[in-house]
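The active site, proton acceptor feature in Swiss-Prot is assigned to Asp65; the stated evidence is sequence analysis. If you look up Swiss-Prot, you'll see His61, His63, His139, Asp207 marked as Zn(2+) 1 binding site, on the strength of sequence analysis. Under the heading Zn(2+) 2 binding site, Swiss-Prot lists Asp65, His66, Asp207, His266.
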Amino acid sequence: MLDVCLLGCGGSMPIPDRNLTAMIVSYQGRKLLIDCGEGTQVSLKILGWKIRNIDVILFTHFHADHIAGLPGLLLTIANSGRLEPITIIGPYGLIKIVMGLKVIAPVLPYSIELVELHGKEKYFQKIGYFNINILSVDHGIPCFAYSIDVQRNRKFDREKALKNKVPLIFWSKLQKGEEIKQRDKLYTPDMVLGYGRRGLKISYCTDSRPSRELVEFVKKSDVFICEGMYGDDEKKHKAISYKHMIFSEAAVIAKEAEVEELWLTHFSPSLIEPQAYIENAKNIFKNTIIGQDRYVKSINFKE
């Protein structure tokens, strides 16, 4: 089971009851944060989620509404007693931005490992439980979408283990992926494991125009979290001008990508009641929700 939470659903500037953009994934006690707008810490505090075990921070791009909460978050993590390194991934400019934070936080008890993304190529990073796929998207400055895959272990096959005459004392280690050599015999995980099982896929895209590449990138996601800067179809010209999306465009991506759920987020501060426009998305992709700050859902593995 994996927990997904929208910490903030606002774009451009915060308004009452709507923090700026941030999303967090929690799995097996470890956390991955995407974007860190103003109010990120407030939402985490209200939820009671521990900050200390945030291992990875991903940035889509470096507009202030996506990054302004970072200095305070790093200092709070420092005060939590964390000593393990934190990995931060983001577009070109990441190194300068984080180095600039040294003015505010000159000494941290943990190291920061920086991964700076250049150009428009696709990237992949594996950090702990999280397999992170990265796609360059269409915004006014370098911007990236992220897809987080959590793999599921293959199922133990008792009949297969017995058929292969694997000693009982080796079953546990083989199930964990270890190989064991005894005398001239090599025992491998394949001798006790059955078929592969589908994991979970959470995809996240804000500040982008639609594209065919994005559809393929988020294909078959269990949850697709996508910006819906404007709800009204009549504001499409504005979305095109500022390189954002309207609700119906996000819904088309969700439908074509055959995702399980679409969560809309990153609303314009002028969009006070996004729920009023939900039918613009639902008419295209039924399983759509309007994101709210601190909306949490547990996503279960399917057999």
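Placement of Cβ uses the backbone N, Cα and C atoms for every residue, glycine included.
Of all the Cβ atoms in the protein chains shown, 31 others lie within 10 Å of the Cβ of His266 (Zn(2+) 2 binding site). Recorded residues His266 (Zn(2+) 2 binding site) and Asp207 (Zn(2+) 1 binding site) have their alpha carbons 8 Å apart, per Cα-Cα distance. Within 10 Å of the C-beta atom of His66 (Zn(2+) 2 binding site) sit 26 other C-beta atoms, taking all shown protein chains into account. Report note: the Zn(2+) 2 site is defined by Asp65, His66, Asp207, His266, and the residues of the same chain whose CB lies within 8 Å of the CB centroid of those residues, excluding them, are Gly11, Ser12, Leu20, Thr21, Asp35, Gly37, Thr60, His61, His63, Thr206, Glu227. With all protein chains in the displayed structure included, the most crowded Cβ environment within 10 Å among the recorded positions Asp65, Asp207 is that of Asp207.
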